[in-house]
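Engineer: Input: one structure, supplied below.
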Amino acid sequence: MANHPDMTDLESNGTNIVGVSSPNKDLALTINDEKPSVEYVANFKKTADGRTILAPQPSDDPEDTLNWPNRKKWAILAVVAYCAAMPDMQAGFGIPLVVPQSVYWNISIQDSGRSMSGNVFMIGVGSLLSVPFVQRYGRLPVLWWSMFLSFWMTLAATLVTDHISFIIVRCLQTTFSAAPQVIGLSFIYDMFFFHQHARAIGIWAWAFVESPFVGPFISGLIAQYYSWRHSFGACTAFTGLAALLVLLFCQETLYDRHKPEVQDPPSKSKSVVGRRLEILTGIYGAKVRGRPSLCTSARRIVAVASKPYFLLLLISYGLSFAWSVGINTSLNLILFTPIEAGGYSYTQLNVALLYIAPIAATALGEFFGHFFNDWIANKYIRKHDGLFEPEIRLWASYVGQPLMAGGLVCLGFSLQRHLSWVAIAFAWGIYVFGSLMTTVAITAYALDVFKEEAAEAAALINFFRTVAGFIVNYFQVRWAAAVGSDASFGTQAAICGIAWILIGIVQRQGRQWRKR
C-alpha cells in the first residue's frame, strides 16, 4: 500500500477536512486547528491538478468506490436522482386528478383528495423505514426493491376499481418509493470526495425538489384529453423505467475503507448474472460481516435526531418547506374554482402549463447553487488556511430563506388581489428557487457532520419535510378562505423568518455543540 496518511487524519468530528492552494501553489491543510507542514501535506493524495487534497483519502483497492471513474460515478448518481424524483412525482400525479376521480367514484372532492394526504405522509414514513435496510444490506438492494415494488403499486393504482383500494395502494406506492430520497446521500458519500459533495447533492436534491411539479404538469396535460387512468398509466411507465435503470446501470457503493478485509465480494466462480442477482436482491449484503444490525441502525436515527444542532435545522426545514407541499396541493383548488366564487376557472391544461414556472425555477436554482455553494466553501477555506467548518454550508440558506419568505408574500398578495397568472408564476418560482438553496445547504451540512450516518440524516430531513407538508394540507385552503390569502401567506412568510433565525443559531453555536 502506498505511503500516505490514513484517511481518518482528514476527518475530525466532521469539520476540518480540505486542502487548498495558497498563492505559491503549495497545498495547506488544517487538522484540529493546527496547520501542518507542506512536507506532511505532500503525502496526501490530491486531485489531478494537484490543487485539492482528496478527502476522504481513497485506498489503493480498485474496488474502493472513491477510485471509480468520474463518468461511472455521475452516471450512477443520475439514476439515483431519477429514482429520488419518483415519490413526489407519484404524489404530484394525483393532484390534477382529484376532481375527475371525485366524479368517477361519485364522492366529494374532499374525500377524493384523501389519497393525496396519505400518499405524501407515507413518503416520510417510508424514508425512516428504509434506513436500517440501507445500512445492513447495502444501497443497491434497497434501491432496487424500492423501485420494483413501487412499480407494482403504481400499476395497481391504475387498475383498481374502488376508491378505498386506490387509497391503500397509493399509500404503499410512496412508502416503497421513498428510499432513494434517503439512499442518495449515502451514494454521494460513498462515491464522491468532499470538494464534490455540494454539486452532487445539488443534482440529487434538485431531482426531488422539482419532481412535485413535474408530476402535475404531465398528469394535467394527459387529463385534459384522456381519463385519469391514462395519467396513472404514464406514472407507471416512469416508475418502471426507474426500476429498469437501476437493474441495468446501478452498482453497490457501500465500501468500508476502514475495514476493507470485511468486504468479502461475491464468489468469482458464479456467473456475472448470478453475482449481479446476489447483490441486487440483498443476499450478498446479508452475508457481509461488520455492518450494523437493523436495531443498531434504527437506534442511530434517534441518536442523530437528538443532536441539538441538527434538530433545530430539522425544525427549521419543516417550517420552511411545509408551504411548498401546501401550495402544490391547494393552489389547484383555487385555480379550478369558478371566477364568480373567487377562483380562476382554469382548465386542466391551464394549470398544467402553470407548473412550468416552479420547474424552471428549480432548474435555475440548481444552476446557481452548482457554483454558489462551492464558492462559499472555497472562499472560507482559502481565507482560513485550509480550515473548514460544516456551519459554513448554511450561508447558502441566507439566499434561500429571504426568497422563500418573499415568494410567499407575493403569492398571497397575487391570489388575494386576483392578479394575472404571471404574478402567481413569478411568486411561486421565487419561493421554489429559495427552497432548493436551503435544501442543499442543510443537506450538505448534514453530510459533513454525519458521514457514516448519512442515510439516517437524509431520512430525518425527508421525514420533517413531508410530515410538515402533510399537516399543512389539512388547513391551507380553509385558512386562506378565513383570513384571506394575503394574511395567511404573510404569516407563512413570517414563519420562514423564524426558521431562518433557527439556522442562524446553529451557525453560531453549532461548533461548540458538536464538540461537547
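Residue positions begin at 1 at the first shown residue.
From the backbone N, Cα and C atoms, a Cβ is placed for every residue, glycine too.
Not measured: the values here are computed from a predicted model.
According to TrEMBL, the protein carries these features:
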TRANSMEM  74-98  transmembrane segment
TRANSMEM  118-135  transmembrane segment
TRANSMEM  142-161  transmembrane segment
TRANSMEM  167-189  transmembrane segment
TRANSMEM  201-225  transmembrane segment
TRANSMEM  231-250  transmembrane segment
TRANSMEM  309-331  transmembrane segment
TRANSMEM  351-373  transmembrane segment
TRANSMEM  394-415  transmembrane segment
TRANSMEM  421-447  transmembrane segment
TRANSMEM  459-477  transmembrane segment
TRANSMEM  489-506  transmembrane segment
Engineer: So what's near the transmembrane segment (118-135) in sequence-distant terms, Cβ-Cβ under 8 Å and 6+ beyond its ends?
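Structural biologist: Sequence-distant neighbours of the transmembrane segment (118-135): 87-88, 90-91, 94, 141-142, 146, 167, 170-179, 181-183, 186, 282, 291-292, 294-295, 297-298, 300-301, 325, 329, 455-456, 458-460, 462-467, 469-470, 473.
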Engineer: Taking the transmembrane segment (309-331) as the reference, which of 142-161, 167-189, 201-225, 231-250, 421-447 gives the largest number of Cβ pairs under 8 angstroms?
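Structural biologist: Result: 421-447.
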Engineer: So which of 74-98, 201-225, 459-477, 489-506 is most in touch with the transmembrane segment (351-373), counting Cβ pairs under 8 Å?
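Structural biologist: The stretch I would name here is 201-225.
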Engineer: Sequence gap of 6 or more, Cβ distance under 8 Å, 3 or more pairs: do the transmembrane segment (142-161) and the transmembrane segment (201-225) meet that?
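Structural biologist: No; fewer than 3 Cβ pairs under 8 Å.
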Engineer: So which of 74-98, 167-189, 459-477, 489-506 is most in touch with the transmembrane segment (201-225), counting Cβ pairs under 8 Å?
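Structural biologist: Looking at each of 74-98, 167-189, 459-477, 489-506 in turn, the most contacts to the transmembrane segment (201-225) are made by 74-98.
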Engineer: Based on Cβ pairs under 8 Å, which of the stretches 74-98, 167-189, 421-447, 459-477, 489-506 lies most in contact with the transmembrane segment (231-250)?
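Structural biologist: Per the Cβ under 8 Å count, 74-98.
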Engineer: Of the listed stretches 74-98, 421-447, 489-506, which one has the most C-beta pairs under 8 A with the transmembrane segment (167-189)?
Structural biologist: 74-98
